[in-house]
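Q: Here's the feature list from Swiss-Prot:
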| type | residues | note |
| --- | --- | --- |
| TRANSMEM | 15-35 | transmembrane segment |
| TRANSMEM | 36-56 | transmembrane segment |
| TRANSMEM | 68-88 | transmembrane segment |
| TRANSMEM | 97-117 | transmembrane segment |
| TRANSMEM | 142-162 | transmembrane segment |
| TRANSMEM | 243-263 | transmembrane segment |
| TRANSMEM | 278-298 | transmembrane segment |
| TRANSMEM | 304-324 | transmembrane segment |
């Protein structure tokens, strides 16, 4: 089997594995009593990750350069990064819900690369002069890893929003009381007592005694989130924060490396190219997220909404601006 045939086999195998793994994770969420499904899902993601790593290695051997020169190669590198960060996040959280939301992202990326791109884009070609630099590996690989990490962190924030929908809560370690799970008014969400409380309203009868005027049955507010869902929400919020905290410095390093490379290649550190502009917007969005978490003490839905918007911004930065075919970063894509 030559390297080209091996690559064709591995890209289709990666897509098929991730598709089946996505179904396994979804089945595990629908039938939580089937305890072996999450383990099978994790195994599937690990095998898919290995397939994509082998694909990129074969591509490197065939072409003679690090495989990040066009859309096909960068998509598979991105999918490899998403699956790698998925394994880290799943190990940290011990929750199968991570796979429920991350495997569709990885599967969609591989489907786009393996099934949608034209054959000429899936074959390796000589590097354009601008890419013949050692900065290709340094800049592009770090940027792609940052995209993958931020995507996983953002999609976990989206999962948090779904789990806590219609309920504005503050999580453990909040500034309200001594922590615990509380709604935005500070009411504990774990002391969910469905019993009615009878309140006796009394009045003096003028002879030293009391007379009951009325008995009122007070039913506590019904809490929509079970303790299990609240624990899951806390885990998702924490893991999302930590994963984004890992992706942000990678994005920062990637942008700095790109500026140095741009100065060597084009004589300017910053040209306000569409890709550069959206990279800055992406950096600002996640900088605002981390600033709100670290200095303002935001937790729960407000920072999760900001992180969820970052998922869209990352995709616009990575893929959207290149659909225009304009700017210094348009080579190797559609036009």
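Cβ atoms here come from the backbone N, Cα and C positions, even for glycine.
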Q: Using a threshold of three or more Cβ pairs below 8 Å, and leaving out pairs closer than 6 in sequence, do the transmembrane segment (97-117) and the transmembrane segment (15-35) count as in contact?
A: yes
Q: Does the transmembrane segment (68-88) reach the transmembrane segment (142-162), going by 3 or more CB pairs under 8 Å (6 or more apart in sequence)?
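A: Yes; at least 3 Cβ pairs under 8 Å.
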